[in-house]
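Chemist: Encoded as structure tokens, here's the structure I'll be asking about.
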Amino acid sequence: MSLPPATTGPATAGHDTTGHGGGVHAAWLPPEAFAPLGSRRVLVRGDGMLVDTVFDEVERACAGHGGRADRTAGDREVDLVLALRDAGPLPAPAAALARAAGAGGPLGAEGFALARAEGVTVVLADAPAGLLYGLFHVVRLGAAAFEGDHPARRHAPAMARRMLDHWDNVDVHPVMGQVERGYAGGSIFWRAGAARRDLDRVRAYGRLLAACGVNAISVNNVNVHATEARLLTGRLGDVAELADALRPYGVRVHLSVTFAAPVVLGGLPTADPLDPAVRAWWAAATRQVYERIPDFGGYVVKADSEGQPGPFTYGRDHADGANLLAEALAPFGGVVHWRAFVYNHRQDWRDRSTDRARAAYDHFAPLDGRFRDNVVVQAKFGPIDFQPREPVSPVLAAMPATRLAVEFQVTQEYTGQQQHVCYLAPCWSEVLTFAPWGPGGPTVADVAAGSGPGPATGGGLAAVANVGDDPFWTGHPLAQANLYAYGRLAWDPGLDPIAVLDEWIDLTFPASTVGDPALVRETLHAVMDDSWRTYERYTAPLGVGFMVSPARHHYGPDVDGYEYSRWGTYHFADRDGVGVDRTRATGTGFTGQYPQPWSQVYESLSDCPDELLLFFHHVPYGHVLRSGSTVIQHIYDTHFAGVQQVAQMRQRWRRLAGVIDPAVHARVAERLDEQLRCAIEWRDQVNTYFFRKSGVPDVRGRAIH
Ligand code: GCV
């Protein structure tokens, strides 16, 4: 197998605006990150495609850093052994260490154990994927992997499936472009109706994904248009090529399909899920997919949502629809990810009874227990739509007999569109560690992992991807950290997001490549640690959400942008107050979708957490928050503070000039200028809007227009 370029190789021709002299930024796998491993004597033992990948990685690292890579056990001394448990005898003392590491039962399909004693580090796995993850763990540990003794420690992913959904279109969509909600250039898979066939780049992507723990991707947009529909049949070869490129990194390919496929591709008069001809069509189409891609992951479906076809057309429900596809996939071990993002997007803003937040629960909770085992109901983390702050979706606590996946958005649609620094791992960590049945009980991560209160196996995590053909992968170089952190939290949701950021910093900015490693670390923490909360401060206040500009595709402020639109109404501000009454007592009743204690906490004006107050309650501007501030003063204060923080971020970043790669520095500096401009616009529009509505002056007398 040939490895993708380490950092700036031939695959990247035409992408070079990085100043690296040849291509795509290496992200968290620069050659220098392999120095500790590559300068050692390494033995790789075992067979299989992924073990070959491990060996190739080791061989290349050793070639670059003076070490030695072996595949056969001899009498030669070794520093590191990466071995499958059944790979045959190992040299002492690795053999004894491997016995210790392996004690305690099977390590699983992706797990590994690591131990170190007498100057030898051993990574042991039962299956090739485990060895691959073990290798990248050693890379992450860096020099520490070869220092002192390490008692045997077992590692295994919390979630079996750790997936990224690309919203990439094959054709350039007239409104949404090549990548829907893409902020990093074009697609790495498709260009203007054709497969790009830049398979080196795809392999490099697979390698990055394996190194952070992602093991599945869906390669096209959930809004499936005419050309994209054909990926399932006539253009399956394009998907197979991607699957071939990603397989050596343990990444399985999934496909978004249209529910209307039997009609639009098969020429049938109906796509009714209970129609025998429709079932036969899906069975045959799916069989052909598996003939071509034997390890195909399955389908992703957005049905009866924002204009996509679905079972409602035939008077059927989502369980009927999902089970149809699941039945076709079952013989091959595939799964269908059926999205719970279903709501009425043709609402009348005058109608106060319709609440978009209620929709997913209202549609799906009654169907609990009706889905086949290989259906994963995929719910966005919050009840609305990836806002910077939302409560956890009540669907996640309402379907104990259904496999549930939590969906995040790594692409920053509502969080600054990769123009703004917004490190999202703290947000995801809050969601994953949230306990829907009360503190101390099972968490959202437990539900996704299958260790929640119900009998269902977990559906894992899914997230909308943020990469494109941009030389930095993600447009904003610091947005790479979001992709890395997503994979790491899917592997272990208990990780501290700031510790994950440290991992990313160590890998992406190895000490040997920067002028002042301590300054780099300190600056990146100063700029990134709190950047999600900073973003929250200068945008929509107190959980109200959605004050974004529709005209600019959800970028920048427009307080009333969605207030009178068919997509839903979000803040209800008038001269007296602001917020959405979602209580049972006087509002839409949404609080009743939560189990206790949250149902009561959110219902109660005094117990509701400040950051979600306006999501659940309509309150007067003078309402005193738990923080002691009034709502109106909080709006003013946070907006002034948010802008100040962005100005400080920009100031801090300037100190890295000449210390890090100039291309990275310049790109981030340019985006921080834009972030400051945009934050000022947010501050002034939001503050002015609420000042004009309420007539309440800022107690600190700052400029409001
Ligand atoms: C792919 C939001 C986005 C849409 C997206 C949709 C979804 O509404 O703005 O672009 O469509 O979510 O998640 O399906």
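Cβ coordinates are placed from backbone N, Cα and C, and glycine is handled just like the others.
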Chemist: Any idea which of 1-25, 301-325 is down as region 'Disordered' in TrEMBL?
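Modeler: That would be 1-25, the stretch labelled region 'Disordered' in TrEMBL.
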Chemist: At the Cα level, what's the spacing in Å between Asp385 (active site, proton acceptor) and Glu413 (active site, proton acceptor), rounded?
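Modeler: Spelling it out, the Cα of Asp385 (active site, proton acceptor) and the Cα of Glu413 (active site, proton acceptor) are 10 Å apart.
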Chemist: Can you count the other CB atoms that lie within 10 A of the CB of Asp385 (active site, proton acceptor)?
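Modeler: Around the Cβ of Asp385 (active site, proton acceptor), 19 other Cβ atoms lie within 10 Å.
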Chemist: Compile a sequence-ordered list of residues in the same chain as Glu413 (active site, proton acceptor), six or more apart from it, whose Cβ lies below 8 A from its Cβ; state 'none' when nothing qualifies.
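Modeler: The list for Glu413 (active site, proton acceptor) reads Arg181, Phe386, Val464, His554, given in order along the sequence.
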Chemist: List every residue in the same chain as Glu306 (active site, proton donor), at least 6 positions away in sequence, whose Cβ is under 8 Å from its Cβ.
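Modeler: Set apart from Glu306 (active site, proton donor) by at least 6 residues yet with Cβ under 8 Å, we have Asn223, His345.
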Chemist: Could you check what DSSP calls Asp385 (active site, proton acceptor) once collapsed to helix, strand or coil?
Modeler: coil
